Ligand code: SF4
Ligand code: SF3
């Protein structure tokens, strides 16, 4: 196996024996094969666009399949094999549909041999690295191909959430298959791939805007909310991941059953939406970021529902009480499938909760969040005044991911060391490094403004663009905003590319730069966008406050 898609890539270069995330060799190779299948399907889909071929089943399959390969989303070999098989069936149907429309399949570029391969030949490839990352020999081309692929994976995750709420944008699908086909096209130069990387950021913005519209359209605009951290004395379900439509269905089905629902990790921002406040059994948030789940799930006592990443491989008794749905999966855990209308039957996990003890309290008190774009716009006068009077000197965008590496303590130390006239703008599970610190407020404006999940980084960009307009600036980089972003998995890659597309410069990325950036590709990012890493809190603070 070879995988270097996340920040935990072994030795900072890549996992070759087993994933630091817990992904084994078989699953890794199957994921490579699924991506290969998806790339081949993309080549065919591109032929069918604008030809009146129904591509919906293919596009939806691609979004879900890409999502399954995101770090910590799906460890289930059987689920990935089933997805590959589904891809092969779709390939057959699509080829027939293309032929029926008179579309020639003969002028595909030289690396598109995929379409001619037999199912057995494809499946045999799961045992080799031939279809994986290392199949591209030139390290710069490989780096760009993977950067695009990972950005597109992040995009697919967000598009998939929007689709679950009935919202889609076919242009996003068209770009996805164009980009994926380009990553196996040997006729493209490194410059072509750099251009495509930046275009990926443009579609990243569109996708996050689509998801934002889907979420706010269905559940209202996030508003300032105090989220309870304590527990009640009822049996309960803990829901983790990012999918709000799953939460809605779970709340509907638990209503009146005596079973409470708590959020975990990236589901915390669900409390900010007006729609979910209607449920008396939606009690609060339990625990913190994904990587502490082993201990937190044990003390929670009740069952856990994963709607997406990040799963830490469970063991022993924990296997039994973990349920997965959507693109997530783990062998030995119960997977809940949607029916053809997207409805899910959560009765098994609800009955399971009734047999288990209520959660053990591990925290008390509350935290405040809900500062997505609409809420911040409602406070705009206050914020603008605070900037004009100098009460707020600088904003620090500290969005992104949390993770288990000790080096990430940097972000807690950095938040603590920030001068009192600065405000942190956050989104994603990175917030858990500082959202419970007593950082206070500036004239009633909390010093940590949480916009929501990682996809709600879109809100932070909208806020920055609004401030640029209010202060009548020509360039977003003239704003008193610094970017110190923590990344872990591929959704952070699309957030980064989206910010680059919006013209944001001098983003610092940590705790380490991605292993998949070759020195030359990293150089392009440094020279064109001023991207940098992090060093230590003292030196970085001086640099940011200059
Ligand atoms: Fe390693 Fe990250 Fe890939 Fe897991 S996802 S195998 S930790 S690089
Ligand atoms: Fe976190 Fe996995 Fe990325 Fe959505 S839950 S931000 S790491």
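Glycine is no exception: its Cβ is also placed from the backbone N, Cα and C atoms.
Straight from TrEMBL, the features:
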{"type": "BINDING", "residues": "3, 6, 15, 21", "note": "[4Fe-4S] cluster binding site"}
{"type": "BINDING", "residues": "242, 266, 310, 401, 429, 454, 489, 491", "note": "hybrid [4Fe-2O-2S] cluster binding site"}
{"type": "MOD_RES", "residues": "401", "note": "cysteine persulfide"}
### Neighbour tally for residue 6 ([4Fe-4S] cluster binding site), based on other Cβ positions within 10 Å of its Cβ
27
### Task
Tell me which binding-site residues (3, 6, 242, 310, 454, 491) have a Cβ under 6 A from ligand 1; sequence order is fine.
3, 6
### Task
Output: those binding-site residues from 6, 401, 454 whose CB lies less than 6 Å from an atom of ligand 2, in sequence order; none if no residue fits.
401, 454
#### Entry: Distance from residue 6 ([4Fe-4S] cluster binding site) back to residue 242 (hybrid [4Fe-2O-2S] cluster binding site), taken between C-alpha atoms, in Å
18
### Task
Tally every other Cβ atom lying within 10 Å of the Cβ atom of residue 3 ([4Fe-4S] cluster binding site).
27
### Summary
Note: in the chain of residue 310 (hybrid [4Fe-2O-2S] cluster binding site), residues six or more apart in sequence with C-beta under 8 angstroms of its C-beta are 71, 72, 73, 265, 266, 290, 291, 429, 488, 489
### Query
Which Cβ among the binding-site residues (266, 489) has the fewest C-beta neighbours inside 10 Å?
489
### Query
Counting other CB atoms within 10 A of each CB, which of the binding-site residues 15, 454 comes out lowest?
15
### Query
When neighbour density is defined as the number of other C-beta atoms within 10 angstroms of a residue's C-beta, which of the binding-site residues 242, 491 has the lowest density?
242
### Message
Quick check: in three-state DSSP terms, what is residue 6 ([4Fe-4S] cluster binding site)?
### Response
coil
### Query
Where does residue 15 ([4Fe-4S] cluster binding site) sit in the DSSP three-state scheme?
strand
#### Entry: Distance from residue 401 (hybrid [4Fe-2O-2S] cluster binding site) back to residue 21 ([4Fe-4S] cluster binding site), taken between C-alpha atoms, in Å
14
